[in-house]
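Feature list (source: TrEMBL):
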type     : residues                  : note
BINDING  : 47, 48, 49, 109, 143, 144 : L-glutamine binding site
ACT_SITE : 79                        : active site, nucleophile
ACT_SITE : 203                       : active site, charge relay system
ACT_SITE : 205                       : active site, charge relay system
REGION   : 230-255                   : region 'Disordered'
COMPBIAS : 239-248                   : compositional bias 'Basic and acidic residues'
């Protein structure tokens, strides 16, 4: 049985553990680098990202978390977890915060505003319905949520949503020495996948819909299948080479 680690520094890790139990999957709490060993996949839950970063630094977790992401094992970040996994974050507090990285995107830390501007909405998720069945929409719970401003070419967009009319105006630095620009699009990205990394700006663990957790677990199966295929291909190649070595030489025939 797959063992899923849930980073348990702060935030909604208990809700993720409960969601995993509902679908018969073993989840374990992770607070120290050595607890990442032996895990098949990892969930980085929502919470207060600055606090989580300070605690991760205190436990010297960042090097181990980056190494885990680099192994190709599935990692899912929800809300604050999305911020952790992004290569770049804007809208941070003075001094910023350390990131794990690995996800080729730019995230705005508090895109949707304060706690008072938290909201729920229906999201169109045809890919999720195709993979896991059920409705082609899901309930998105956004709590002081981030959003994804742009993504790299290898990143698959899984869901977006309309920008709420009451969201406070934000500006985004275009680059060093360049004036800031106002985010003016009417929709914003809230769920993506890049290889072994899944990220959602909302909280599926706070709903009864288990499809996102099932989708994440299927990513683990995909990585196992790819590893097995690569191993089989490597073995076949070696067998072919060994067979060539053991094959008797074709000597010339003189008549």
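In case you wondered, yes, glycine gets a Cβ from its N, Cα and C as well.
All features noted in TrEMBL, drawn onto the structure.
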| residue | record | Cβ within 10 Å |
| --- | --- | --- |
| 47 | L-glutamine binding site | 21 |
| 48 | L-glutamine binding site | 15 |
| 49 | L-glutamine binding site | 27 |
| 79 | active site, nucleophile | 28 |
| 109 | L-glutamine binding site | 21 |
| 143 | L-glutamine binding site | 19 |
| 144 | L-glutamine binding site | 19 |
| 203 | active site, charge relay system | 24 |
| 205 | active site, charge relay system | 26 |
**Message:** I'd like to confirm something. Which of the active-site residues, 79, 203, 205, has a Cα closest to the Cα of residue 144 (L-glutamine binding site)?
**Reply:** 79
**Complete:** If you measure between the CA atoms of residue 205 (active site, charge relay system) and residue 79 (active site, nucleophile) and round to the nearest Å, you get 11
**Fill in**
As a whole number of Å, the Cα atom of residue 203 (active site, charge relay system) is distant from the Cα atom of residue 143 (L-glutamine binding site) by 8
**Item:** Any further residue of that chain within 8 Å (Cβ to the Cβ centroid of 47, 48, 49, 109, 143, 144) of the recorded L-glutamine site
**Value:** 11, 46, 79, 80, 83, 110, 145, 146
**Prompt:** How big is the L-glutamine site in terms of the longest C-alpha to C-alpha distance among 47, 48, 49, 109, 143, 144, in angstrom?
**Reply:** 12
**Prompt:** Taking just the CA atoms, what is the gap between residue 109 (L-glutamine binding site) and residue 79 (active site, nucleophile) in Å?
**Reply:** 9
